[in-house]
Amino acid sequence: MISLLLIIPIIGCIYLLPIEEDSLQAKSRMKKIALFFSLLNLLISILMWIEFDSSINGYQFVYEFKELSFCHLNVGIDGTSLYFILLTTFITPICLLSNWIDIKDKMKYFLISFLILETLQIAVFVVLDLLLFYIFFESVLVPLFIIILTWGASQSRIRAAFLLFLYTLFGSLFMLLAIMTILYYLGSTDFQLISLSEISLESQKWLWLAFFLAFAIKTPIWPLNTWLIKAHVEAPLAGSIILAGTILKLASYGFIRVLIPFFPDATNYFMPLVQTLAIISLIYASLSTIRQNDTKAVIAYSSVAHMAVSILGIFSNTIQGIEGSIILGLAHGFVSPALFIICGGIIYTRTHSRVISYHRGLAYYMPVFTIFFLIFTLCNAGIPLSLNFSGEILSLLGMWFRSPIITCLGATGIVLSACYSIFLYNRISYGSYSPFLLPLKDIDRREFCLLLTLLIPTVLIGIFPNVVLEGLHLSISAIIYTAV
């Protein structure tokens, strides 16, 4: 079943390649083909979720590909990777639909880029080998770089694309050196063999720092977050959605899959450092968000703040904290794409501007839009019954057992997120109607379906978080207690 998840988007690319972009009918056909294969992958991932047995400890759906002498691919999933795969297959159709009518040039390559990106992300979550993890972790950069460089918003897209590429490549070079060191001394990069090996504390410290630098840039943590803001602002809408929805979760997965189980002593040693950086990131990003005048920049900075809370949960080294960080990652993967669709899609398509002060009083002409905007704004602020609330509460609760002071500082993020979220909503939706704008049309059927699709899991899983937590308990417990 995992092999199907990896192959289906590639089959979609093969179907798209021979089609020529010579007519509207051909372009429409290409979009339908890409959407079909992305939805097919979503269906298979849901079937895999149904068949997944949360009472079994260890990897399931394990498949070993060794038909080729030069390629040995070992894949499998556990409770930790399952929900990241579901998030990836859920977000990809959203990305395709978000730019359904906006992309005019080189549409075939745009669709192929997202299908390849889906395969590469799923591969990161299913491989059971550290070297393959690095290869797919880095391969994600190539389609992202192409997407921002080719379909970005302005001339600044070139700088944003190179910042994304160079920042993440720089950090990952240290990760490659660490993997080569592990391969040299242990003779293998298999996850299970590494977890059973004894590594001295001094060696763990150096290896941990190398991996942490790569993951910290991808998260991103202050002061390594410059690339994310530029990338979000300049990327096309689908690029911003995939960045916020799934790309940032690659680092969270790396923290949980690599750092905690493989280098437990070093993780415990560096825990105060990570918590300090997370608190600085949280407060810095939240205060920076308040003073932004670009709608996409506001959401980009809020992503940094939310991921900082997620990191606090991961490095609480408790079951509640790590489960909360995964829940918060899923919530961020639903709510931030919705806000990007609202601000970078619906508003920008109608006004061709992202300047907050240019918009005012949209509730007069866009009442349905305003309702969705309000709900997602409140979810972003972490109100009860939302998935964000469940994730933040569990993350902070896990950290409370480690350090009440850090937890109190982390809780300021909830207050600050309410501040900038409500300010953005109130400034755009209410007041006298902007004299710079003509009357605007409310959201259409496609936009309504996109927002509703993102709202349903945000509310339902927020009310019933055990739907996800039951699949996480055994896997997270195994990571924690094996590491200890």
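Quick reminder: no glycine exception, Cβ is built from N, Cα and C everywhere.
Note that the coordinates shown come from a computational prediction; the quantities given were computed from them, not determined experimentally.
These features come from TrEMBL:
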TRANSMEM  33-50  transmembrane segment
TRANSMEM  82-102  transmembrane segment
TRANSMEM  109-128  transmembrane segment
DOMAIN    129-413  domain 'NADH:quinone oxidoreductase/Mrp antiporter transmembrane'
TRANSMEM  134-153  transmembrane segment
TRANSMEM  160-186  transmembrane segment
TRANSMEM  206-229  transmembrane segment
TRANSMEM  241-263  transmembrane segment
TRANSMEM  299-319  transmembrane segment
TRANSMEM  325-349  transmembrane segment
TRANSMEM  361-383  transmembrane segment
TRANSMEM  403-426  transmembrane segment
TRANSMEM  447-468  transmembrane segment
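The transmembrane segment (109-128) makes no contact with the transmembrane segment (299-319): fewer than 3 of their CB pairs lie within 8 A, with pairs spaced 6 or more apart in sequence. Counting Cβ pairs under 8 Å that are 6 or more residues apart, the transmembrane segment (325-349) and the transmembrane segment (134-153) reach fewer than 3 and are not in contact.
Below 8 A, the CB atoms of the transmembrane segment (241-263) and the transmembrane segment (447-468) form no more than two pairs separated by six or more positions in the chain, fewer than 3 in all. Of the Cβ pairs linking the transmembrane segment (361-383) with the transmembrane segment (403-426) and spaced 6 or more residues apart, 3 or more are under 8 Å, so the two regions touch.
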